[in-house]
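J.: Just passing along the structure, written as structure tokens.
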Amino acid sequence: MSHGTYYECEPRGGQQPLEFSGGRAGPGELGDMCEHEASIDLSAYIESGEEQLLSDLFAMKPTPEARSLKGPGTPSFPHYLPADPRPFAYPSHTFGPDRKALGPGIYSNPGSYDPRAVAVKEEPRGPEGNRGTGRGSYNPLQYQVAHCGQTAVHLPPTLAAPGQPLRVLKAPVAAAAPPCSPLLKAPSPAGPSHKGKKAVNKDSLEYRLRRERNNIAVRKSRDKAKRRIMETQQKVLEYMAENERLRSRVDQLTQELDTLRNLFRQIPEAASLIKGVGGCS
């Protein structure tokens, strides 16, 4: 996996060091900043289109001790795993009518990559393109409709009874078909038609006891209403008698006031006193 254009800091035997076109900075300017760096030629990766650029860029640089221990047959990158000698087996299935299978020749030679060999499915653009879909695409709605059967809804001809439930007529479905969506379930047998009153025999003891309890409750409610009416009438009579007493008391006080006024008018001193008091006020 090593590349021929990868150069290390320490030159090997029979290999010329890499020279830069610009002037080299003195030891006083940069010091030992670039002592342990490695340089990579990116032109080979850009032209050939290989996918090992990031792995080579971030590969760990071997230490001087590791380089001194390497033998003549040791690879340049000790941290890489050895390649698998077994050939790569490509799958034999295809990806649908709209896609082409990737043959083994695509990865046999990394330098001969042809982007036209891989067919990329393009999505339709615009509102008209969304109507047609590929035959190999999966549609969950079509799957539910295919397995749930046909369902028809019967609407009444007139809207006179808005509370009347709709009748759902469902076609028979095969026994091997999976259950459909819970939104399309058939109506349960305990519907409105089965909610009728239970037939009770009027001659039975239970019916008689129930009627007797109902009659007792009705009589109690009627007696309670009668007592409330009598209490209300009694309170009305009491309020009327109190009103009569108050009226008689008002008449009595009015007569006493008139008598006192007549007495003060017959005494002249009292009349002048009353006039003087009235003038001062």
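Including glycine, each Cβ sits where the backbone N, Cα and C put it.
Annotations for this protein, taken from Swiss-Prot, read as follows:
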REGION    1-30  region 'Disordered'
CROSSLNK  Lys121  SUMO2 cross-link
MOD_RES   Ser181  phosphoserine
DOMAIN    204-267  domain 'bZIP'
REGION    208-245  region 'Basic motif'
REGION    246-267  region 'Leucine-zipper'
J.: Counting by DSSP, what is the helix, strand and coil composition of the domain 'bZIP' (204-267)?
T.: 62 helix, 0 strand, 2 coil
J.: Which value does the mean pLDDT take for the region 'Basic motif' (208-245) in this predicted structure?
T.: 95
